[in-house]
Amino acid sequence: MSSPFTGVWVVFRRELSTVRRTPGYAVLAVGLLAVLGGLVAVGGGGATGFVPAVVDLLLPAEVLVPLLAVVLGYRALFADVASGELDVIRTYPVSAVGYVLGVLLARVVALVALVGGPFALVGAYVWLTAAPDTGIFATHSGVDSPVLFVRFIALVVPFGAAYLSLSAAVSTIATSRRSAFALGLLALLGGVLGGDLAVLRSLAAGASPGGVAESIALSPNGAFRGLVFEHVIGVAFAPEGGFVDTGRAVASLVGWSVLGIVAAVAAVAFGPRVGVAIERLRGSVRR
Amino acid sequence: MSDRALATLDGVTRAYGGVPVLDGVSLSVGAGVTAVVGPNGSGKSTLLGLLAGAVEPTAGAVRYAEGGPRSRSERCVGYLPQRVPFRDGFTARETLGFYAALVGGDPGGALADVGLGDAAEKRVEELSGGMRRLLGIAQATLGDPAVVVLDEPTSGLDPEMRERAFRAAARAGDDAAVVVSSHDLDLVDAHADAVVVLRRGRVAAVGARDRLLDEHGVDDVAGLYRAVAGRSDDRAPAVAEGEGGGSGGEADDRGEGEAGDPDDGSVHVPGVSDR
């Protein structure tokens, strides 16, 4: 007999091993590093400091991080569903929760390495080349500091994790690799553009601009951007803050991740029964 | 072979797109090898998917003597789908090691049991079709499940590999109910303790092999098949079974629609264990 944690751990190890044996992911990480390095170089190089580097990277990060997260996530659960291996795994004593958690935790670890790694390397480059006063570990506002860049990376990971779990969840309803990719792309576009467009629409409809700080935090991108402004960029330049409600933004990022996990678990656990329910409905309509 | 039923289908129906692929099937399987035979599209993969928990019935129920496929304490059902689904990039030992870790099994021993000890370090994509199926059989028997479901384990194999696959299945049948679908009637004749003949989604014959042969006055399973499933009024299935069936066998067995034995809409045949 195996404990629930054994199942999570065994699935986690296999998934991490699968990612490690997929060279395409490493290529993507190198590509991300090249893009990030290029953006910092074009923005004035590492000598400008950590916060200017964050300013240069913020907008690209809002697109590139979700993109890589979707690439990591869109086949995470779909692969086993499509190959039929999930039917085999279901005969073993591992629950749907354990299976999904094992897969997604491994993919999040991969996300930390493949996305966090290039950002960390760019941070190291800035540290090595920045002006002397950027080496101060600031404990108060108004000073550029490596701590601010570490905060930025710490926000990149949950931001990517939200897209990872959402793309994995939507892929469980895909019927082919192509449709899994299309659904992942839809999640990407919906997340990257949907939240901001919804805020703009509400403003155009007459909503109070004072409520933007609250509503912007509801989308993953808005929450991430708000937190970066509040706790990275704003620390150096605007002590008052007020870009976003921190609690709401953190809850938003965590909430999107949890939503993806719950949806994925439901799809894995109850997916076969949905088809049966449809068949029964069809049968009762015919009668 | 024991008469005790280890798995029971009770009035099971499964439809796709409103078309019943299996219709009111009732049978039981006990320890030993039970072969499921029938024309393409007769519902073999769906029947095996139901036993393995990969397919949910639209009506009826599947019951197990020792917990089912969703048991969280131990493995009660082993399953090899028609399309062997293992991930590329992993060796045979790593592949089996993953599954063995979930049930505390011994991957090396399981590989040796099916004659793959020498191929343990080969990657899955480097294995021949026969070796992949043997690996699948090893996987299906890990954890000593009470019911082992093998969907066409000999499909596409050469005669020697077919024999090895059936021998491996028969060994597992010493203690478990091994349910095997196959078109290799000579191997079924040699290894099966019981036979289920499906025809148009319904059970046309079921029982101990020797008893069925006596009842139908035939010498072997091929004769039984011709007598029971090979009637001239058999329509060709709309969708043939074959390699590459999708998850859960959903695409494998669609076919005859409303067809069935006209004299009984919901055949309840005494099971293999004479339930």
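Glycine is treated like the rest: Cβ placed from N, Cα and C.
Any TrEMBL annotation is an automated prediction that lacks curation.
Annotated in TrEMBL:
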- A:24-51: transmembrane segment (TRANSMEM)
- A:57-78: transmembrane segment (TRANSMEM)
- A:99-128: transmembrane segment (TRANSMEM)
- A:148-168: transmembrane segment (TRANSMEM)
- A:180-200: transmembrane segment (TRANSMEM)
- A:253-278: transmembrane segment (TRANSMEM)
Beyond the flanks of the transmembrane segment (A:99-128) by at least 6 residues, Cβ under 8 Å: 7-16, 18-19, 25-26, 28-29, 32-33, 36-37, 40, 46, 49-50, 53, 57, 61, 65, 68-69, 72-73, 76-77, 86, 89, 134-135, 146, 149-150, 152-153, 156-157, 160-161, 164-165, 168, 260-261, 264-265, 268
Residues from the same chain, set at least six apart from the ends of the transmembrane segment (A:253-278), whose C-beta lies under 8 A from its own: 77, 81, 86, 95-97, 99-101, 104, 158-159, 161-162, 164-170, 172-173, 220, 223-224, 227
Tertiary contacts of the transmembrane segment (A:180-200) (same chain, 6+ residues out, Cβ under 8 Å): 62-63, 66-67, 70-71, 73-75, 78, 82, 162-163, 166-167, 170-171, 173-174, 212, 215-216, 218-222
